[in-house]
Amino acid sequence: MSIYTKSQQEIAENISSKAVIKDWKDWRWQFRHTIKTVEDFEDVLNISFSPEEKKEMKITLRKFPMAITPYYASLIDIENYKDDPVFKQSCCSTEELHVESYEMGDPLAEDSDSPVENLTHRYPDRVLFHVSNMCAMYCRHCTRKRKVGDQDHIPAKDSLIKGLEYIREHEEVRDVLLSGGDPFMLSDSAIEWLLDEISSIEHVEVIRIGTRMPVVLPYRITEDLIDILSKYDNLWINTHFNHPRELTDSSRQALKKLVKAGIPMGNQTVLLAGVNDCPYIMKSLMHKLVKNRVRPYYIYQCDLSEGLSHFRTPVSKGIEIIESLRGHTSGFAVPTYVIDAPGGGGKIPVTPNYVVSYATNKVILRNYEGVICTYKEPDSYEPVFCDRKCETCTLELKTEGREYLPPVGVEKLMADYDDETSLIPADNERIIRRNSNG
Ligand SMILES: *Cc1c(COP(=O)(O)O)cnc(C)c1O
């Protein structure tokens, strides 16, 4: 099967009459010829916008810049580009200038939860490390739209060193998630340096990389990069396919290389109106992913970032999609649908309800077919009282030295070893009154 499809051939010729297949598959060539202006877009794709449209698109570009690799542009169906999922994800639209009152620059409060520059520490045991602020393609639905194309945000090496220091000083961090921007925008040597540095920190058990390269610039997954990545046996990669059309020969080859290097692959999809807000499209996407040994990880509800209202669906659409997957297809083809809580609460799973009712020792459940069944719970279950003294417990846990963190939230309410019976907001008036009376 050839990588040079008809549309790739045309685009390559429009960019340079001298372009050969070797150029097309060279990620640096792709990067050098990234489409950044409306005129470039028209020339490369043989599309012409009306003068009105062009004027409006240029206004959008001043606020939110555009970048599309020739490869990703070649996936656009020129005949029907206005409805095209690749076009919608990559080409600027005036709808982005429409800002709703409830939208925010930083809806996930990543900057507020940032103890040092370029690092977000939100969860107890893991951190998000923004190691690059550049991307090969600027997704129009980017949750970090506030930073897109912002040259000031390319982290300098000493800023990355500060992040590494933070991780080194915080022994509770057992999982480091490299994101950006796209970490694979860094040079091979910078990637190797970062992975070596993080690997040298004893308490870090897992390293993850979030990248869209297999989708928008699969030729970045070179043999040299694979040689580097395959050295780390605790590395996981999550990529970002949103539509079955994005699984092409080129992207499949990139995935195959990563899988062969022994890296577990996951995928995060964003639920986008007009792109993939359809149970059939989502099921086809999940099937194509697992066929290529990529495990669907999350479907995200679109964040409340500024200028994304035209992409947002109601939450019911996400539940409908999960309803159409769970039970209907392989369990490992069903991702978790999450809402990343505005204000920084983290990812919250949202699912259809399967527990219909609950009686003493009996759970009433419904399955995907609508069949309602009863699960009889044991009449005699002797719970093990937990005082957190694992040495004297009848259940065995060899923790290999890692101290587990104290329980938080609802977990704490459930625990035997904690007397707390309620979680009360800090500004609860009744409790404030009670305390001032006392
Ligand atoms: C998503 C995210 C993580 C990782 O969350 P998982 O559910 O473990 O994949 C960590 N930190 C931040 C700030 C995140 O947004």
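Note that the numbers count up from 1, one per residue, in the order the chain is shown.
Each residue, glycine too, has its Cβ placed from N, Cα and C.
Note: TrEMBL annotation is automatic and uncurated.
Of all the Cβ atoms in the protein chains shown, 23 others lie within 10 Å of the Cβ of Cys135 ([4Fe-4S] cluster binding site). Classification of Cys135 ([4Fe-4S] cluster binding site) by DSSP places it in coil, neither helical nor stranded. Per TrEMBL, the feature [4Fe-4S] cluster binding site maps to Cys135, Cys139, Cys142.
Marked as domain 'Radical SAM core' by TrEMBL: 121-333.
For the recorded site, Lys347 (N6-(pyridoxal phosphate)lysine), the DSSP three-state label reads strand. Counting only same-chain residues six or more apart in sequence, the Cβ atoms lying under 8 angstroms from the Cβ of Lys347 (N6-(pyridoxal phosphate)lysine) belong to Tyr298, Val338, Ile339, Asp340, Ala341. What TrEMBL lists as N6-(pyridoxal phosphate)lysine is Lys347.
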For Cys139 ([4Fe-4S] cluster binding site), nearby residues of its own chain (Cβ under 8 Å, 6 or more apart in sequence): Gln89, Ser90, Arg212, His240
Residues close to [4Fe-4S] cluster site centre defined by Cys135, Cys139, Cys142, Cβ within 8 Å: Met137, Tyr138, Arg140, His141, Arg144, Lys145, Val148, Arg212
Listed recorded positions with Cβ under 6 Å from ligand 1, out of Cys135, Cys139, Cys142, Lys347: Lys347
Cβ contacts of Cys142 ([4Fe-4S] cluster binding site) (under 8 Å, same chain, 6 or more positions away): Cys135, Val148, Ser305
Cys142 ([4Fe-4S] cluster binding site) in three-state DSSP notation: coil
